[in-house]
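Copied over from Swiss-Prot, here are the features:
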ACT_SITE  Ser178  active site
ACT_SITE  Asp360  active site
ACT_SITE  His413  active site
DISULFID  Cys82-Cys325  disulfide bond
DISULFID  Cys246-Cys260  disulfide bond
DISULFID  Cys284-Cys291  disulfide bond
CARBOHYD  Asn103  N-linked glycosylation site
CARBOHYD  Asn305  N-linked glycosylation site
CARBOHYD  Asn376  N-linked glycosylation site
SIGNAL    1-23  signal peptide
Amino acid sequence: MGSWIPKLLLLQLVLLLTKHADSSSIIKYLPGFEGPLPFELETGYIGVGEEDEDQMFYYFIKSESNPKTDPLLLWLSGGPGCSSFTGLIYENGPLGFKVEAYNGSIPTLVSTTYSWTKVANIIYLDQPVGTGFSYSRNPLADIPSDTGSAKRVDEFLRKWLTKHPEYFSNPFYAGGNSYSGKMVPVIVQEISNGNCIYGKPQIRLQGYVLGSPVTDYDLDRNSRIQFAHGMALISNELYESMKRTCGGNYIFVDPLNTECLELIKDYDNCVSGIYENLILVPKCDLTSPDCHSYRSMLSDYWANNESVRRALKVVEGTTGRWERCKWTLQNNKDIKSSIPYHKKNSIQGYRSLIFSGDHDMLTPYVGTQDWIRSLNYSIIDKWRPWMILDQVAGYTTTYANKMTFATVKGGGHTLDYKPDENSILFKRWISGQLL
């Protein structure tokens with residue numbers, strides 16, 4: 001009889017999880033924030049995949065302007081395996097952490113001034129499954145892949161909109177940064193293709209927005225050498241020698257090309273002390289409140305507090321320790337390059353905003369410019385500064401395929417280094433204004 005106990009417990013767990021599938025809740029209070037939230041927050045799960053086995057967790061925040069007509073934006077974080085809470089709390093959401101030494105209590109939340117929710121409704125989605133609070137009810141599920149996750153996101157959106165039909169008429173955009181540069185163009189294609197299938201709920205797809213996007217592994221990595229030279233991190237002599245000896249390929253070097261390998265060692269010695277996310281920021285002790293990256297630790301303290309999980313309506317027992325970025329998450333990176341998807345999206349007439357922090361060395365702006373030029377579209381608004389209060393905030397150009405490229409002066413790999421400038425950039429673009 002004892003052999004039935006584990007099976008009975010498993011059955012009870014399955015029934016519990018099934019009961020909580022496709023749930024949603026309006027959250028009025030959050031631990032760490034004083035008083036009621038000054039915006040409308042909804043959290044919940046949407047089941048996708050076979051028998052809804054993948055339960056995708058989301059945070060939805062209504063626009064503070066006119067939620068009935070303002071755009072609906074899906075925002076994804078990078079990784080893969082980084083929770084979209086990263087975007088909500090650090091980059092473009094209405095809440096942020098007060099940066100102070102952690103004393104064992106719940107970190108303090110404060111309102112921000114740069115939230116994109118001032119002009120858009122935003123869904124922050126934890127994907128792929130296993131990221132953040134998203135989980136699978138099937139412990140034997142296949143390892144997620146980029147293309148498979150894109151299909152899951154499309155399914156999520158159509159189900160979410162079916163449960164929130166008041167947003168079907170809102171213009172829809174997909175967005176994200178970093179590794180989302182691989183995912184978002186594919187998701188746009190999945191949505192576009194799905195809209196052509198009779199009987200599927202229609203999504204009013206308009207375009208997409210990407211910050212410092214990972215696009216093509218070889219191109220992104222190789223462009224770091226050109227960027228380092230332009231930023232005076234390596235000498236002109238080393239740069240010219242690397243170009244001549246390595247032939248522009250610095251990633252998969254022929255092991256017989258020993259001269260190139262030696263030059264790459266010299267390059268590594270020059271840049272090893274540089275913080276690649278933002279080369280202006282010093283490398284520092286992550287446990288020090290003076291370190292910019294210290295804030296990422298606060299989200300771990302906050303999201304792993306039981307009162308926080310209860311407030312967010314996280315289903316008990318579905319996830320272990322919450323990690324902002326689950327770097328151990330297994331994922332099949334089967335999209336080598338998203339450039340072909342950008343090409344197809346351009347042909348289909350979707351708008352796009354591609355922007356880069358000009359001091360980001362992980363995915364340098366020079367590499368992003370290279371793949372944009374490879375699309376071979378004519379320029380309709382030539383390279384020029386874009387301004388905030390009569391000061392140069394970056395540079396921009398627009399192409400005939402409705403693609404706008406912009407740099408953010410002094411910006412890094414993620415939006416949190418220049419949140420105000422990124423917010424103004426987005427607000428102008430989403431409303432159809434010139435930058």
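Any Cβ shown, glycine's included, is placed from N, Cα and C.
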Practice problem: Tell me the Cβ contacts of Cys246 (disulfide bond) under 8 Å, same chain only and six or more apart in sequence, or just say none. | Solution: Val253, Asn257, Cys260, Leu263, Ile264
Exercise. Based on DSSP, name the secondary structure state of Cys284 (disulfide bond): helix, strand or coil.
Key: coil
Exercise. Tell me, if you would, which residue among Ser178, Asn376 (recorded positions) has the fewest other CB atoms within 10 Å in the structure shown?
Key: Asn376
Practice problem: Could you tell me which of these disulfide-bonded residues, Cys82, Cys284, Cys291, Cys325, has the fewest other Cβ atoms within 10 Å of its Cβ? | Solution: Cys284
Quiz item: If you measure from the Cα of His413 (active site), which of the recorded positions Cys284, Asn305, Cys325, Asp360, Asn376 is the nearest?
Solution: Asp360
Exercise. Fill in the CA-CA distance, Asn305 (N-linked glycosylation site) to Asn103 (N-linked glycosylation site), as an integer in Å.
Key: 14
Quiz item: Where does Cys246 (disulfide bond) sit in the DSSP three-state scheme?
Solution: helix
Quiz prompt | For Asn103 (N-linked glycosylation site), nearby residues of its own chain (Cβ under 8 Å, 6 or more apart in sequence) | solution = none
Quiz item: Whose Cβ, among the recorded positions Cys260, Asp360, has more other Cβ atoms within 10 Å than any of the rest?
Solution: Asp360
Quiz item: Counting every protein chain present, what is the number of Cβ atoms, excluding its own, within 10 Å of the Cβ of His413 (active site)?
Solution: 24
Exercise. Please tell me which one of the recorded positions listed here (Cys82, Ser178, Asp360) sits closest to Cys291 (disulfide bond), measuring Cα to Cα?
Key: Asp360
Quiz item: Expressed to the nearest Å, what is the distance separating Ser178 (active site) and Cys325 (disulfide bond) at their Cα atoms?
Solution: 13
Quiz item: What Cα-Cα separation, expressed in whole Å, is found between Cys82 (disulfide bond) and Asp360 (active site)?
Solution: 19
